[in-house]
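Below: one structure, written as structure tokens.
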Amino acid sequence: MVGFSFPFGLVSISGHLVPEKEFHLLASVLFGIFLCNIIYRLARLISLLSVEGYDELSKAEKVEWNNRGFSTVHAIAVAFASFYLVVLSDTFHEDHRDEPIVSRRSTFSDTTLGISFGYFLSDLGMIFWYFPALGGLEYVLHHALSMYSIFLALLSGQGQIYILMVLFSESTTPFVNMRWYLDVAGRKNSNLYVFNGAALFLGWLVARILLFIYFFVHMFIHFDQVKTMFPLVFYSLLPVPPMLATMNLIWFWKITKGLIKTVSKAKHSQ
């Protein structure tokens, strides 16, 4: 049986003592859900006031428009946070601490993962509510795997470096959303659509293909540490990343075909 302990202080909620770390994680998740709700409403308000043609969209298109608003904000925020934690901060530097790199965590990394869990939970709830308008079963699988991985990393405190690497791949989401916005706005034949498609292709190649190769190499090099993780975390780390990588490859193939089609169409129109 796998157990997770919280060797931290206690806080009082309505007269009940709750582990301080557990309270912090719950607060981060709830804050993530709250932010999604606020940004969704702001996206609707800002679009209504400043985006020509927004009011003419169908109800379903407005829902997806606003949904992609908080999706974009989450992607940008979590990509910057992940890059800072893995690359710039000392938390996961090889020689910074004696603690195994797979067991390192910080208050900031816990907060980042908690907020991100809140986002995926909010987005998955909307996907189910409007299914399949906001995404099919592949989106459900992607979000479920992401939430499961984040949940384990938060409770165990292990493998956070790998979760943050995967979360950095969310940096491609703004380009995916921009493509949808341009399509809905009737700008599919514009130069901006072509440039965005090229940026999406390059971003996907770097953040979802090459980064995953580095991910697996890093796991192989540090496998002596990886195999000391809790059994549930260890055996989850073996199948989940390859499943996400396979999905990324399938989507990359579709993106590549779409870019070739867009560029070819742009050349013929000149």
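The backbone N, Cα and C atoms fix where each Cβ goes, and this holds for glycine too.
Because TrEMBL annotations are produced automatically, they should be read as predictions rather than curated entries.
Range 113-133 is the one annotated as transmembrane segment, of 71-91, 113-133 (source: TrEMBL). Listed as Cβ neighbours of the transmembrane segment (229-253) (distance under 8 Å, sequence separation of 6 or more from its ends, same chain) are residues 2, 4, 102-103, 138, 141-142, 145-146, 148-149, 152-153, 156, 158-159, 162, 166, 169, 204-205, 208-209, 212, 215-216, 219. Remote same-chain partners of the transmembrane segment (190-217), defined as residues 6 or more beyond its termini with a Cβ less than 8 Å from a stretch Cβ, comprise 162, 165-166, 168-169, 171-172, 175-176, 178-179, 182-183, 241, 244-245, 248-249, 251-252, 255-256, 258-259, 262-263, 266.
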